[in-house]
Amino acid sequence: MQKYTSEARQLLALAIPVILAQVAQTAMGFVDTVMAGGYSATDMAAVAIGTSIWLPAILFGHGLLLALTPVIAQLNGSGRRERIAHQVRQGFWLAGFVSVLVMIVLWNAGYIIRSMHNIDPALADKAVGYLRALLWGAPGYLFFQVARNQCEGLAKTKPGMVMGFLGLLVNIPVNYIFIYGHFGMPELGGIGCGVATAAVYWVMFIAMLSYIKHARSMRDIRNETGFGKPDSVVMKRLIQLGLPIALALFFEVTLFAVVALLVSPLGIVDVAGHQIALNFSSLMFVLPMSLAAAVTIRVGYRLGQGSTLDAQTAARTGLGVGICMAVVTAIFTVTLRKHIALLYNDNPEVVALAAQLMLLAAVYQISDSIQVIGSGILRGYKDTRSIFFITFTAYWVLGLPSGYILALTDLVVDRMGPAGFWMGFIIGLTSAAVLMMLRMRYLQRQPSAIILQRAAR
């Protein structure tokens, strides 16, 4: 029992800074929305539309680079720290290549925006302008993620938290300058949010790079003189590990976007109730997601040390802590669901629907916690391909079709409206949780030599 208690302490010590970093990131989005809304409703809508395109594109790159964390954790655990700098350098090359692709997609996103049904031309122009300003921050964001993944792979999660709050502090005044046109800068409205956010990502990257160069704990991990050329072998391995994670993230984000589109014709009350429940659930999701990042680090580190039993302990402890957290957040959601809904809106119909959907959200929080921590465990074992297949099957083959049938057809029961899609979420997330656990058990039952050989690749 003592080893599980000790492991839980180490996991929470890693996870809490990640949680706070995510809070800072969420707050940046909130600040952008509020400050753009203070300028005009059109500018706020433009930022919302632009963000809905930015997120899937940038999260694809973010997911691709997540492969660095278990790689670095495993090298750190095995005492091969001299190889870490080369892996990080190739991560920067990969981030550079992906940045170019993301920037091309975002530059041409106007075709997608202007093809939206009945969109106001002025709104479309502002959304395109916002994206074309923001896209210059894509390299800064992805380079920052490489540096952050280096720190987290070395079990240093606090720098990411500090840089997150630094970004938030810089974002507010820079937003003010570019939205309203102060200190000789042009008055850009919502487009100014894009300029500010792009600048903030570069500030965060430069600050993180400065930390890495001066941190005593990383003195033995220094990039070689010059930047070196791309190493096709290392980059291919990073892509093999990261691409399934990137695709899984992309399919998860697009699933919720598709559901939002399917709910939109049902009416204002249904859309508002669905959005409130989804927004609150996203806030609760920060807890298991951060714990999953910590579990990846611990499992990778233990496998690097050559101890498959300690890796199992880290995995089981992470699941136990995650389930306990989910039970607490589920009880909190059920107990205070009406009060939470009132924080968003005071329309009685909207509040009633949001409170009903939050009951379903409370049910799926446990499944959601298990599946996301399970994904973190599999990343630690470098078994990322299975994450993609499980996510795609659970969300798009089981969850979305069942949600569509329950919400919009009479095939099984009378049309349930938004609640049907939330039942689909429960089916999809529970399926993902079961499949993740089955895959984890299969991996852990393999001979230690095979597990360690996979981890060392």
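The backbone N, Cα and C atoms fix where each Cβ goes, and this holds for glycine too.
Because the structure is a prediction, the values reported are computed rather than measured.
Feature annotations, reproduced from Swiss-Prot:
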TRANSMEM  11-31  transmembrane segment
TRANSMEM  53-73  transmembrane segment
TRANSMEM  93-113  transmembrane segment
TRANSMEM  127-147  transmembrane segment
TRANSMEM  160-180  transmembrane segment
TRANSMEM  188-208  transmembrane segment
TRANSMEM  243-263  transmembrane segment
TRANSMEM  276-296  transmembrane segment
TRANSMEM  314-334  transmembrane segment
TRANSMEM  350-370  transmembrane segment
TRANSMEM  387-407  transmembrane segment
TRANSMEM  418-438  transmembrane segment
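Within its own chain, the transmembrane segment (314-334) has Cβ neighbours under 8 Å at 4, 7-8, 11-12, 280, 284, 287-288, 291-292, 294-295, 298-299, 302, 340, 358-359, 361-363, 365-366, 368-370, 372-374, 376-377, 380, 440, 444, counting only residues six or more beyond its boundaries. Recorded stretches compared: 53-73, 93-113, 276-296, 350-370, 418-438; the one with the most Cβ pairs under 8 Å to the transmembrane segment (11-31) is 276-296. Taking Cβ pairs closer than 8 Å, the transmembrane segment (53-73) reaches residues 84, 87-88, 91, 94-95, 98-99, 101-102, 105-106, 109, 112-113, 131, 134, 138, 141-142, 145-146, 149-150, 152-155, 238-239, 241-243, 245-250, 253-254, 257, 293, 296-301, 304, 379-382, 384 in its own chain, all 6 or more past its ends. Same-chain neighbours of the transmembrane segment (418-438): 255, 259, 262-263, 266, 270, 273-274, 277, 353, 356-357, 360-361, 363-364, 367-368, 370-371, 374-375, 377-378, 387, 390-391, 393-395, 398-408, counting only residues six or more beyond its ends whose CB sits under 8 Å from a CB of the stretch.
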